[in-house]
Structures are given as C-alpha cells and as structure tokens.
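Contents: one structure, followed by commentary.
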Amino acid sequence: MTLFYHVVDRGVIKRRCNGQRGHYPLSSLLDGYQCARQDEHISYGASAAAVPPFGCTFSSAPGQQNSLAVANEEGIVTIFTTGEKQSSVLKEWQAHDNAVFDIAWVPGANSLVTASGDQTARLWDVITGDLLGTFKGHQCSLKSVAFSKQERAVFSTGGRDGNIMIWDTRCSKKDGFYRQIKQISGAHMKPEKYTPQTKKRRGMAPPVDSQQGVTVVLFCDENKLISSGAVDGIIKMWDLRKNYTAYYHNPLPLQAYPYPGSCTRKLGYSGLSLDSTGSRLFSNCTDDNIYMFNISGLKTTPVAVFSGHSNSSFYVKSSVSPDDQFLASGSSDHHAYIWKISDPKQAPMMLQGHSQEVTSVAWCPTDFTKIASCSDDNTVRIWRLNRRPDGENSSNRDPNLVGWTLRKIQSPPRAPGPYSPVEVTPAKGPGSERAVSLASPQPAACAPTGADLPLPSNTSAPSAKGPSSERRAKRRLETGDGSGLGEESDGVSELYPDVKRSRISVSTQNEKGDLFSLQTEERLSSAGQAGTGKENSSPRTTDWLSVISQRFKGSAQPKSPNGSSKRHDARTHSSPVAVSPCPIRVISPPPTKKASPSRPMKKISCYFVKRTQD
C-alpha cells in the first residue's frame, strides 16, 4: 500500500480526516495515465524506415520486470528498459527476414520465442542475442505463441494453416530444426457444404478462407490449451494428454465456447487473455465486444461483456492488470481502453494519443502504474500513472505529453419528459405502429431524416403545415384527449384535406337539413290550407304541400333522377331547401335504390329537379 498512497499523494496536498489518511478507490487513479514524449518510441525496420510494431510483452524474469520486448513488421526485435521516469532501447537485432506477429518470454528466463511469417519460430537469448533454436513444421505464417507458466521448455504455436503445434526444447533436433511433439490439425475448421475440389496450384498454399487459421493459443495450465479461430467463432479448450493425430479432419475439443453474439457474418477472435487465477478468460471478438468466460465451470456462455471500443482486425490484443481488477485492450479507433472488470457497464477510460489503430497492449505484471501499447502509427508508447494536480484540465496540460486519459462519454437513454423529443416522436414498436396506423396510413407523414422536428404544442394547426399524424396521435394518447380522434381517423382525410372539409360541411348541412324539414312540417301542420296567391311568389310552396300531402296519403314515391341533375340543381338554386340535400347526393348510394323515408328532403328535391327540367 505504500506505492498506492505515494501515487495518490503525488502532486496534491495530503488530506487527513481526523488524523487518519483518506481512502481512495483504485479506479479513481485511471485518469492519471499519461505518456510523455520521452516514452514514445518509433519502430524502425531494416532500411531505417518506420514500420508498425505487432506485439509487445513484459519480462517475468527476476530483476528484469522492466524489460519490454517489441517485434515489428520487418522482423526486428527491440528490448526496451522502462525505468522510473523514461524508457530507452537496451538491445535490438534482426530476428527474422519476415514479419514477427507474436512474441513470448520464457517464464522466469532472459530468453524469448518469436513467431514469424516465414513459417518458423525461433528461440533467442536476450543477453547475448544468440539464436538458440529454430522450430519448423507449419505450412503458413505463425500468428501466435504461448508458454505454460509451469514449464519453461514447452510452448505452443498456432498458424494460418489451421494447425496447433506443441514444441519441447528438451527434444533433439532433426536436420538442424526442432520438430513438433504434438499437433492438432484443422483445429478451427468450420464445417461447410460440399464444394467440388479445385486443382491445387503447385507451390501455392490453399486460400486463407478455406484454411480458417488459428489466431491465438493460450495455456490454461500444463495440460490444457485454449485456442481461437479466424472465422468459426468458437473458442476451444484442448486436453494435451490426448492424442489428436488420428482425428485429422475434425478433432474433438475438451470444451467449446460458441459465439455468443447475434451477428451472422463470419467472426473470429483476435486476442485471448487470462487473469492471474486462470479462471476468467477475456476474448477480443471482431464484433466490437470483449467476452468474459468462466472456464473453471461448465457454463459456456459469457458472464460479462465489455463494449465501447472497435475491433476490425486480428491484431487487437488485451491484457489484464496485475491485481485482476482492470482490463486493457487496443482498438481500431486509435485509442486504448481500460474497463473495470467488476462493472462492465461502466464507461471505459480512453488512452488517447495514437493516430492509427492500437494493436497490442501489455500491462506490466509487477507494476500497476505501467502500460505499453503498440500502434499502426509506427510508435510504441509507455503509459505511466501520474496523479494529476488539482485543477488540471486539457487547457493547462503539460505540452511535453503525447498521450493522456479521458473517460469515454456514453449517451445514456433519455427519460421522456414534458418537453422531450421522445414524447412527440415515438420509437417504432408493435404497439406504437398499431396506434399510429389508425391515424394515418401514409409512411411519408414522418419528418425526413435530419429535419428539425417541431416542438410539442397543444394548439391545432392546418394539416399541411402542422405536425404529422403520428405526433398528433401520440399527443392525444398522452393527454387523454379524444376529441379529435374522430376527424383524423380516416386516412383519406389526411391525404385529401378538401374532401375532409367537404365531409365536415356535409355533416353540418345534414343536421341543418333535417332540422329545417322538421320545422317545415310543423309549420305546415299548424298553418292549415295555403292561399292560391303563394304559388306566384314562391312556386316551391305548392310543391312542398303537394308532396307532403302525397306522403300523408301513402301515395307512391317518385324515383330520383340521375346524379348529374342533382349536382346541377345544387349549383343553380340558392334556397336552403334546394341546397341542403346537395352534399347528401355526393356520397349517396346508387340512384336505382329508393331513398329512406326518414329523409323527406331528398324526395322533395328530386321532385322539383324534375319539374325544373320540364
């Protein structure tokens, strides 16, 4: 705890509460990771040109925990010494004539193994730079190499040829090369439909898509090995005490962890890492998630998922902190990320400063305050934990810094409020779509993408400029106002406002016409016989009386003429008796049917239309 409090109190005033030192959570220190200019190193190739580094790892040898090994694209291995304040190059040599994709230290020794694209692995003495042995057996590039913590002489490699090979340095060489003592062929072959075999080109390896190579190998203990593939989406655990040579095409693993996501395209894993207990496995998947599996039990589904980064290549790796509390990983969005393992939903911390994809990340196993990262911007950076002074922000940041830490901002789900856009623009769902379809069937009622949505309002607006029917329907449902539901329940009225206005006038005039007919009948029944002089002043009066008398006597009803005559009558006559039935005939049934006796105005108008044409 001395180092912990020393880091906390660096650059700040010592706080004491009642004579006792205050306690700080360890996660509060994560924003103190920084990279100074002297801790940024450019990776050079054989021609002195900058090339991207592919792998980095810290040594576990006693007294050499500050040694960092980095391998780059042109096969050069560099050993950095990471001191207290700055890092420097300790040793550098050409390990392969091809790219070195992975590198692993021999546990507790000053030697390491490199996995190269020249289809070989090599064992090196770091102190002298001597080559101790070459391991040959793969038919394609080697992508991963791993040692067992309990055994220095045994290690495993995985290649693009789809094979996993186990090597032992205690065995004798053959033709100057070490040969594998165990092999798992087709470890991650994905079963597919039968396809006719094509003629193999001489001297050319089969396509990578058909190889479905091994991307990562990792020892769980001295008898169990974990591996992942490029396209099958399955993590497999192998029992090394079993002989897999007989099962050449489809070897059966001890345990399989299928892909837990929902993506349908071919997916694989770019990195695997274990905590110090060997029970929690962290797998970098190319679907932008890191899945945590509990491999000590029988459950094959992940117990946690870490998201927020991007993974679009098979070079992104992860590393666990020495106290098993945090997980660091590279990312394709030019940042490195740190999650709190006990709280996967918490927003991660971002190590900012790189300008290209961050590939390999290594946490020093003996020093929590030190992290190394490799990037496609041809640099290697050492991040150190420095407690920021109070009041320091991005405006007064030290100009000597080339990397700093910020917490990733995640947009939380907004709760709908009285003025929230969520209130007037509901999300699509089964219930909402059903409710909206009652108001308007047209999909074009929604606002276009990127358009400014109108603010919610309780006042009505014309249909041409007002909010869409979806927003009006949503607002009615929320406020409980059903007054306008009837007039907007017809999809035709939303598409054709003129028809809507005409139907409103029809309903209004219908009520007026019925009321006027009732009043006319009352006046006629109370007035008695009409005078003969009324015919000259109003010829329609005698017609009203004759038609009503015929109705009272039970005479036959006159047939209505065609609809065109009715519309012409509605346009020529201006009296309320002739105008009132006009809207009715716009939506009236075919003229062959007899009108209902409850509508006397229809019969009267038809009669007068016929008289006018005569």
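Start at 1 and count along the chain as shown; that gives each residue its number.
Using the three backbone atoms N, Cα and C, a Cβ is placed for every residue, glycine included.
Record features, source TrEMBL:
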| type | residues | note |
| --- | --- | --- |
| COMPBIAS | 468-479 | compositional bias 'Basic and acidic residues' |
| COMPBIAS | 526-549 | compositional bias 'Polar residues' |
| REGION | 408-600 | region 'Disordered' |
| REPEAT | 93-134 | repeat 'WD' |
| REPEAT | 135-170 | repeat 'WD' |
| REPEAT | 214-248 | repeat 'WD' |
| REPEAT | 319-349 | repeat 'WD' |
| REPEAT | 351-386 | repeat 'WD' |
For the repeat 'WD' (93-134), the DSSP residue counts stand at 0 helix, 24 strand, 18 coil
For the repeat 'WD' (135-170), the DSSP helix/strand/coil residue counts are 0 helix, 23 strand, 13 coil
In the same chain, residues at least 6 away from the ends of the repeat 'WD' (93-134) whose Cβ sits under 8 Å of its Cβ atoms read 46, 54-62, 64, 67, 69-77, 79, 140-152, 155, 157, 159, 167, 169, 173, 176-178
Residues in the repeat 'WD' (319-349) per DSSP class, helix first, strand next, coil last, are 0 helix, 13 strand, 18 coil
